[in-house]
């Protein structure tokens, strides 16, 4: 999938990723959030290759469910009663669903950072909004850049000193802050010297909008509109409080769940033999 998205025109890849982000942020219905979790989680596991990488995200979901159940006293179905407090099933389900929504967004941004590089942001926004293009490209690259640098600092400390994990983490945090300020000042001076943001910039790129890009963008927009209609018509008014009311899983739900899965896994339809795009 990363190969497919990296080979696409930046506009097509951006439309695909933005459509998934909008649906992930809007949907609260468990059918949709769980479908997004399975598809995006499968993509994340495919790239990480280690099942243990998924454990922190499971912890986020469980922690969200427990905290919401403990602190929110809403709902009609009592699940647990302890120390004079009643934990309702609705509060647990709502917290778990909110945790799933958060994890879906994290999975999506992980995919976004893998396939949408800095030159894509500069290409999309650099000509019309040069300052915005530079800011977006720097912001999206900020966390992965700092994380890699922190790993380097941590590995060096492990080799040089025998110390506890807490002491090492504090030292790495201090080194990371110092490095971040110094690198920011160096980058600012470099950008000022090259005239960033002063005049209209020209840039060189190798992106060309072809037939496969148009087909991919059209399919992504169509699936997004179908899922947006399903959300507006059927899933926008799902409530957890005062009680969860399930209408059953019928043909309508199956169709929209299928459309949601296809929207997320759309690049796989443009994949052939693991090497080439089937639409040229």
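Here the Cβ of each residue, glycine as well, is placed from N, Cα and C on the backbone.
The transmembrane segment annotation in TrEMBL covers 6-24 (among others).
Annotation source TrEMBL lists transmembrane segment at 53-71 (among others).
TrEMBL lists 91-109 (among others) with the feature transmembrane segment. Below 8 angstroms of C-beta separation, residues 17, 20-21, 24-25, 27-28, 30, 33-34, 36-37, 40-41, 43-44, 57, 60-69, 72-75, 79, 240-241, 244 of the same chain, each at least six residues beyond the ends of the transmembrane segment (91-109), sit close to that stretch.
Look at TrEMBL and you will find 121-143 (among others) tagged as transmembrane segment.
Outside the transmembrane segment (214-231), and at least 6 residues removed from its termini, the chain residues within Cβ reach (under 8 Å) are 8-9, 11-12, 15-16, 19, 22-23, 26-27, 29, 32, 256, 259-260, 262-263, 266-267, 269-270, 279. As annotated by TrEMBL, transmembrane segment applies to 214-231 (among others).
Annotation comment: TrEMBL describes 251-271 (among others) as transmembrane segment. Outside the transmembrane segment (251-271) by six or more residues, the chain places 1, 3-5, 16, 19-20, 23, 31-32, 35-36, 38-40, 43, 212, 216, 219-220, 223-224, 226-227, 230, 234-235, 277-279 with a CB less than 8 A from a CB of the stretch.
Residues 32, 36, 40, 101, 104-105, 108, 111-112, 115-117, 120, 123-124, 207-210, 212-214, 216-217, 220-221, 223-224, 227-228, 231, 260, 263-264, 266-267, 277 of the same chain lie 6+ residues outside the transmembrane segment (6-24) yet bring a C-beta within less than 8 angstroms of a C-beta in it.
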